[in-house]
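Enquirer: So TrEMBL has the following annotated:
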type	residues	note
BINDING	Glu74, Asp117, Leu119, Asp120, Asp247	Mg(2+) binding site
Amino acid sequence: SMASPALLMRVVASAYSVAEKAATIVRNVMAAGDLAIVEKTGANDLQTKADRLVQMSICASLARKFPKVTIIGEEELTTDEVTEELIEDGHCEEILKRTCPAQYTGIKEEELVIWVDPLDGTKEYTEGLLDHVTVLIGIAYGGKAIAGVINQPYYNYEAGADAVLGRTIWGVLGIGAFGFQLTEAPAGKHIIITTRSHSSTLVNECISALNPDSVIRVGGAGNKVIQLIEGKASAYVFASPGCKKWDTCAPEAILHAVGGKITDIHGNSFQYNKEVKHMNSAGVLATLRNYDYYASRIPNTVKQSLMP
């Protein structure tokens, strides 16, 4: 008889379906036309009805199946009765068929931490920059990001009325990452991708020191890492404290699964155990290839301004 799939593969398979449900909620809220926007700390820190409903859906769906897993979401929500229509019970069969990497076969529920960003790129969502938006579910064990799911609810949205909207990318360390075409940025080109709505003198000083051929400014950490793995950008650089653990956990797992690297601006790796502070206060540096080239060119003035 077949052994039942390892816990990690069951969690990832469920997270895949949960992320697809989340994407449907995101599209439905937008289509209904009332985003119910509230400002959290200011005009660049927004929350919409989609952020709230998606987080409830993801957290409640995963908690029901995996009650001992720690789940940490971006939004501070009251645990009101979650309506049944927000619950997703399905899973992706294809993921369950994969063999769990040996080092993760013995994981217990209480050893996993799931970091959830229900809608990464909320400001862009409210402004109609729909391709910037992602749903992020990152899975951590022993403080490391080991698996992740990124859904792009509006992938393909400019391809015409008949286009199938959305896609789900998933990855596990030791297996790889799937749902996209891995592509390297043009050789010898330094294309920097950075923040769109959280720019600063420091952010720009850091970028100019890297002598880029071009700079892409977009919203969402998930979106930026997708640009790296699809070869549209060669480095994601953010010399500022704004990023949080739920922004980086899923993208980190997917990037690392295909041989890329993400750290803070000093080269320290991120920690994802449940006690860790939520802010990545020393910024972000990520690449699919040639990490050392960019890391060695971060100015000391920038490093001194951003303490972990």
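From the backbone N, Cα and C atoms, a Cβ is placed for every residue, glycine too.
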Enquirer: With Cβ-Cβ distance below 8 Å and at least 6 positions apart along the chain, what are the contacts of Leu119 (Mg(2+) binding site)? List them in sequence order.
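Expert: Same-chain residues close to Leu119 (Mg(2+) binding site) (Cβ under 8 Å, separated by 6 or more) are Val26, Thr48, Ala50, Asp51, Val54, Tyr125, Val133, Thr134, Val135.
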Enquirer: Once the chains shown are all counted, how many other Cβ atoms turn up within 10 Å of the Cβ of Asp247 (Mg(2+) binding site)?
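Expert: Within a 10 Å radius of the Cβ of Asp247 (Mg(2+) binding site) lie 27 other Cβ atoms.
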Enquirer: Please identify, from the binding-site residues Glu74, Asp117, Asp120, the residue with the sparsest Cβ neighbourhood, meaning fewest other Cβ atoms within 10 angstroms.
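Expert: Output over binding-site residues Glu74, Asp117, Asp120: least Cβ neighbours within 10 Å is Glu74.
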Enquirer: Starting from the Cβ centroid of Glu74, Asp117, Leu119, Asp120, Asp247, which together make up the recorded Mg(2+) site, report each further residue of the same chain whose Cβ lies within 8 Å of that point, ordered by sequence.
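Expert: Same chain, not in Glu74, Asp117, Leu119, Asp120, Asp247, Cβ within 8 Å: Asp51, Val116, Pro118, Gly121, Thr122, Thr134, Val135, Leu136, Gly220, Ala221, Gly222, Lys244, Trp246.
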